[in-house]
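Asker: What TrEMBL records for this protein is below:
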type	residues	note
BINDING	A:20, A:27, A:156	xanthine binding site
DOMAIN	A:34-154	domain 'Phosphoribosyltransferase'
BINDING	A:128, A:129, A:130, A:131, A:132	5-phospho-alpha-D-ribose 1-diphosphate binding site
């Protein structure tokens, strides 16, 4: 998505070798107009997949997921993050390890919001090592819901998450795919 | 806002004497169409206030704030919640006490997202004792930003938050105002 790539080039900040900070339009300050365009793009990419619900993880996934949900006309569910869960009654939950922060979180949703009739589009802000998506897939499994696809805002293609999902035959679409960071520059994957 | 009142009557769950659960359309599952209508209503209510930015708190404030931001054509900033903050460099932060959970959280935003040129609409999902709004007002103070108004999705008018803000002459608009819970029924404030 050209608009997003341009925005990343303009406002993204590289920290070290692997971290891209986009808190000026996605992760803390949000550009609603850009989110709207992203929602439309997710709809274009997955509109034939019979999506009944969108699942994401708080907090940065909520804005793109909401705008996509509006385009699809389906509810959006966001999993909450917990340091630990003592009581798992009536919850679907999974453990998500963050390589960046080197900590684990539990993500959980109430069981009443997903069931076997749902065909779910997973949306997240970043795809790096694929841990958050793996956690959401575990939740779908527990709910016997089907997977309608995975929509990612920014994919770091040089990390292993995308390969991992491709290997499982999962339909993944990323709005921006980063091939590498070089000399403070972002290089995007060239699309055919 | 009639649409919201009807939805609360239909899908809201009363827990005990003071807690209203609306996780089926706002706090965990989100209805994008309803959020869109709420965004339009916030715009109608505050469109003459020269709003330059919207501030909310993660996670449940993000959806209504985003849809309002889209209508106003201004950025949305969400404060992050932390159990505690050891490092406050480059942050504006405030302590928010939750009477429901009986715990304190720090809320914080990066200093780069608010300044003295901003006229800010605060948006939150609930107004009960007013602690979250008070925290956001502290952040505006630290940034020397001005307050353009406070937009609330659901106000529990029988708790002290609304009175507290009225006493300070703050322009507050709530999309639904709950006067009381009686026998498992929600009673709304009668508007003139």
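Going from the start of the chain as shown, residues are counted 1 onward.
Cβ atoms are placed via backbone N, Cα and C, with glycine included.
These numbers come from a predicted model, not from an experiment.
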Asker: Counting distance between Cα atoms, which of the binding-site residues A:20, A:27, A:156 is nearest residue A:131 (5-phospho-alpha-D-ribose 1-diphosphate binding site)?
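Answerer: That would be A:156, nearest by Cα distance.
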Asker: Given the binding-site residues A:128, A:129, A:130, A:132, state which is nearest to residue A:20 (xanthine binding site) when distance is taken between Cα atoms.
Answerer: A:128
Asker: Would you mind checking how many other C-beta atoms are within 10 angstroms of the C-beta on residue A:131 (5-phospho-alpha-D-ribose 1-diphosphate binding site)?
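Answerer: Step by step: centre on the Cβ of residue A:131 (5-phospho-alpha-D-ribose 1-diphosphate binding site), count other Cβ atoms within 10 Å, giving 19.
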Asker: Ranking the binding-site residues A:20, A:128, A:132 by other Cβ atoms within 10 Å, which is at the bottom?
Answerer: A:20
Asker: Write out, in the order they occur in the sequence, the residues of the chain not among A:20, A:27, A:156 that have a C-beta within 8 Å of the mean position of the C-beta atoms of the recorded xanthine site.
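Answerer: Neighbours found: A:12, A:19, A:21, A:22, A:125, A:126, A:128, A:154, A:178.
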Asker: What are the DSSP helix/strand/coil residue counts across the domain 'Phosphoribosyltransferase' (A:34-154)?
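Answerer: Taking each residue of the domain 'Phosphoribosyltransferase' (A:34-154) in turn, the totals are 40 helix, 46 strand, 35 coil.
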Asker: Round to a whole number and give the Cα-to-Cα distance in Å for the pair residue A:130 (5-phospho-alpha-D-ribose 1-diphosphate binding site) and residue A:27 (xanthine binding site).
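Answerer: If we compare the Cα positions of residue A:130 (5-phospho-alpha-D-ribose 1-diphosphate binding site) and residue A:27 (xanthine binding site), the gap is 18 Å.
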Asker: Within the same chain, and leaving aside A:128, A:129, A:130, A:131, A:132, name every residue whose CB is within 8 angstroms of the centroid of the CB atoms belonging to the recorded 5-phospho-alpha-D-ribose 1-diphosphate site, in sequence order.
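Answerer: Residues close to the 5-phospho-alpha-D-ribose 1-diphosphate site, other than A:128, A:129, A:130, A:131, A:132: A:96, A:98, A:99, A:126, A:127, A:133, A:134, A:159, A:161.
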Asker: Indicate whether residue A:156 (xanthine binding site) is helix, strand or coil by DSSP.
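Answerer: The three-state answer is strand.
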Asker: Tell me, by DSSP, whether residue A:27 (xanthine binding site) is helix, strand or coil?
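Answerer: Going by the DSSP assignment, residue A:27 (xanthine binding site) belongs to neither helix nor strand, so it counts as coil.
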Asker: Considering every residue in the domain 'Phosphoribosyltransferase' (A:34-154), what is the mean pLDDT value?
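Answerer: It averages 96.
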Asker: What is the nearest of the binding-site residues A:128, A:129, A:132 to residue A:156 (xanthine binding site), using the Cα of each?
Answerer: A:128
Asker: Whole-number answer please: how many Å between the C-alpha atoms of residue A:27 (xanthine binding site) and residue A:128 (5-phospho-alpha-D-ribose 1-diphosphate binding site)?
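Answerer: Rounded to a whole number, the Cα-Cα distance is 15 Å.
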